[in-house]
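Engineer: Take this structure, written in structure tokens, and hold onto it; I'll ask about it next.
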Amino acid sequence: MNFKTVISLFLVLFVSFVYCENGAELLFHKKIVEGPVVGKELPIQFIIYNVGSEPAYDISFIDNDFSNAEFEFVSGSSEGKWETLAPNSQVQTNLTVIPKKSGIYSLTSTVLNYRKTQTSSEFTVSSAASYSGMYVESQADYEKRTSLLIKEWITFFVLCAGAIALPYSISTYYKKNYENGIKK
């Protein structure tokens with residue numbers, strides 16, 4: 001490498017370290033744990049990670065995706081509020097609902113508000129990494145998709161047994177006649 005390239009790389013690294021913003025940086029994730037099925041509990045996790053070098057303050061979010069009449073509330077909370085979140089740590093809250101009818105539901109990004117420093121009056125807004133839509137499967141479709149398929153397996157084994165038994169019986173017949181001769 002020539003001298004100019006080394007100096008320019010050093011300057012770029014130096015400038016990036018000098019202008020790198022310190023403080024709290026939060027990542028927010030809304031996670032649907034299992035596949036949604038009508039009449040079955042649907043657990044949802046809200047996870048907040050602080051990947052910054054400083055604590056975050058006055059953290060709050062509210063999620064309204066599951067507050068309508070199509071979902072029955074079971075446990076947990078669709079909102080969260082914390083005073084501080086230490087660097088390199090995480091917090092999580094859970095929500096459990098039961099879908100009442102099948103169909104496609106649009107999901108919005110849950111908005112997270114927090115302050116990067118304790119003295120800051122300005123709130124930083126972040127959105128949850130989430131899904132754009134969610135398909136709630138009917139109970140009949142779920143049972144059809146996950147059943148043991150007993151009839152299909154029995155049919156499979158009968159056809160396999162026939163495919164194996166016929167050549168075996170012919171082979172046994174010819175072997176017996178070859179050894180003992182054909183009876184008259």
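Every residue, even glycine, has its Cβ placed from backbone N, Cα and C.
Swiss-Prot lists these features:
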- 1-20: signal peptide (SIGNAL)
- 21-147: topological domain 'Lumenal' (TOPO_DOM)
- Asn94: N-linked glycosylation site (CARBOHYD)
- 148-168: transmembrane segment (TRANSMEM)
- 169-184: topological domain 'Cytoplasmic' (TOPO_DOM)
Engineer: Over all shown protein chains, what is the count of other CB atoms within 10 A of the CB belonging to Asn94 (N-linked glycosylation site)?
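Structural biologist: Taking all protein chains shown, Asn94 (N-linked glycosylation site) has 14 Cβ neighbours within 10 Å.
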Engineer: Using DSSP, how many residues in the topological domain 'Cytoplasmic' (169-184) fall into helix, strand and coil?
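Structural biologist: Residue counts in helix, strand and coil order: 12 helix, 0 strand, 4 coil.
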Engineer: Taking DSSP states H, G and I as helix and E and B as strand, how many residues of the topological domain 'Lumenal' (21-147) are helix, strand and coil?
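Structural biologist: Summed by class, the stretch gives 8 helix, 67 strand, 52 coil.
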Engineer: Determine the mean pLDDT over the topological domain 'Cytoplasmic' (169-184), rounding to the nearest whole number.
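Structural biologist: Overall, the topological domain 'Cytoplasmic' (169-184) comes to a mean pLDDT of 82.
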